[in-house]
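One structure below.
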Amino acid sequence: MQLKNDLLIKAAKGENPERTPVWLMRQAGRILPEYRAVRESVSGFIELAQTPELAAEVTIQPVDLLGVDAAIIFSDILVIPEAMGLPYEMVEKRGPWFPSTVNSASDLKKLRVADGVDDLSYVIEAIKITKKALNGRVPLIGFAGAPWTIFAYMVEGSGSKTFSKARAMLYTEPELSHKLLQMITDSTINYLKAQIDAGANLVQIFDSWAGILSPEQYGIFSLPYISQICDAITSVPKTVFAKGAFFAREEMSKLKCETIGLDWNMGIAESRKMIGSDKTLQGNLDPAALYGNEKQVEKATNDMMEQFRGSRHIANLGHGVYPDINPEMVKIFIETVKKFK
Ligand SMILES: Cc1c2[nH]c(c1CCC(=O)O)Cc1[nH]c(c(CCC(=O)O)c1C)Cc1[nH]c(c(CCC(=O)O)c1C)Cc1[nH]c(c(C)c1CCC(=O)O)C2
């Protein structure tokens, strides 16, 4: 299927798109009343994610309603632990929670390497339905969590400010940590390959908890596993977004990926210098800028675009859009990027 809008793919490959493409991390769900209406028709997030027709519907909503240049499949990074044998629940207003966690070698024995097609067939089905419905209008982004971020949830059992249990394990049980990280990595490679076979045009790896590791620990327990994933996926462009990993930008430029995501704490000119000109940069407006009024959002967006001018860029926020942002301000962000000359 030929893409009618391939700006994202061109930008990722450094092929001079006619204008800068724009999409938002966490654009599916969260901010749209149309999403909440679908969400209320089922028992909760997990049922929605596991019902391929509905997952496809909410994946396409931001393309229709906001005018973004890409869709991202509606799912969650935590489907990987579940496929490995560690199920999660999504607790209303609190976030993910794992009834059991990984603390010992015997816990690890109960897990398996997930097979992308069989264990995550509902995501694969949702991708196929989405691709058909999109009919080439925009590219579809597939995604997975980075092994370290997935490890953090599997060991901690929930979100946390410090993830101190997960970080402790890296010091007290380094061998066990590496074994679990390798199982997550192998599962993630299988999963991303299955997403690509089903039609994903680009994949993004979210290392949301990169920033809580020391540079040294990051180099031992996160980057080598992201690097394995980048090496294993060769058929579509890859984006690596490591939130808070300002200290790893130079190292990240060596990854076999086309695009590096920047969060809003990372200076644009300084990041370009560290990463070099052979990669596309994605980002990085502060998501809180969208709390401003129309003029303020326009100005903040234009200021960001100006700093990326003339270099390989995919416009986005520096992290996921916040749930209480007014969709009208998201539209202004998108329109401002599209009009930028
Ligand atoms: C850390 C992380 C998670 N999930 C994800 C990350 C990495 C990105 C990041 O750093 O924000 C990634 C994710 N989660 C979701 C998507 C869908 C696609 C998209 O719109 O980008 C994506 C790409 C849906 C979701 N994932 C979740 C929801 C809300 C569930 C609901 O509808 O109640 C959605 C739409 C739940 C979720 N899932 C997770 C948390 C902490 C929570 C609860 C709080 C929150 O909403 O962010 C784990």
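Numbers run from 1 along the shown chain.
Note that Cβ sites are derived from N, Cα and C of the backbone, with glycine treated the same way.
Predicted, not measured: the structure shown is a model, and the values here were computed from it.
Feature annotations, courtesy of TrEMBL:
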- R26, Q27, A28, G29, R30, D76, Y153, S208, H319: substrate binding site (BINDING)
- 21-30: domain 'Uroporphyrinogen decarboxylase (URO-D)' (DOMAIN)
- 141-157: domain 'Uroporphyrinogen decarboxylase (URO-D)' (DOMAIN)
- D76: site 'Transition state stabilizer' (SITE)
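The secondary structure of Y153 (substrate binding site), as reduced to three states from DSSP, is helical. By the rule that a residue counts when its Cβ sits under 6 Å from some atom of ligand 1, the recorded positions A28, D76, Y153 yield A28, D76. Residue density at R26 (substrate binding site): 17 other Cβ atoms are found within 10 A of its Cβ, drawing on all protein chains shown. If you take every residue in the domain 'Uroporphyrinogen decarboxylase (URO-D)' (141-157) and average the pLDDT, you get 98.
For Y153 (substrate binding site), the Cβ neighbour count at a 10 Å cut-off comes to 28, with all displayed protein chains included. Note on the binding-site residues R30, H319: the fewest other CB atoms within 10 A surround the CB of R30.
Of the recorded residues, R26 (substrate binding site) and D76 (site 'Transition state stabilizer') place their C-alpha atoms 10 Å from one another. When the record's substrate-binding residues R26, Q27, A28, G29, R30, D76, Y153, S208, H319 are compared pairwise by CA position, the greatest distance found is 22 Å. All protein chains included, A28 (substrate binding site) registers 23 other Cβ atoms within 10 Å of its own Cβ.
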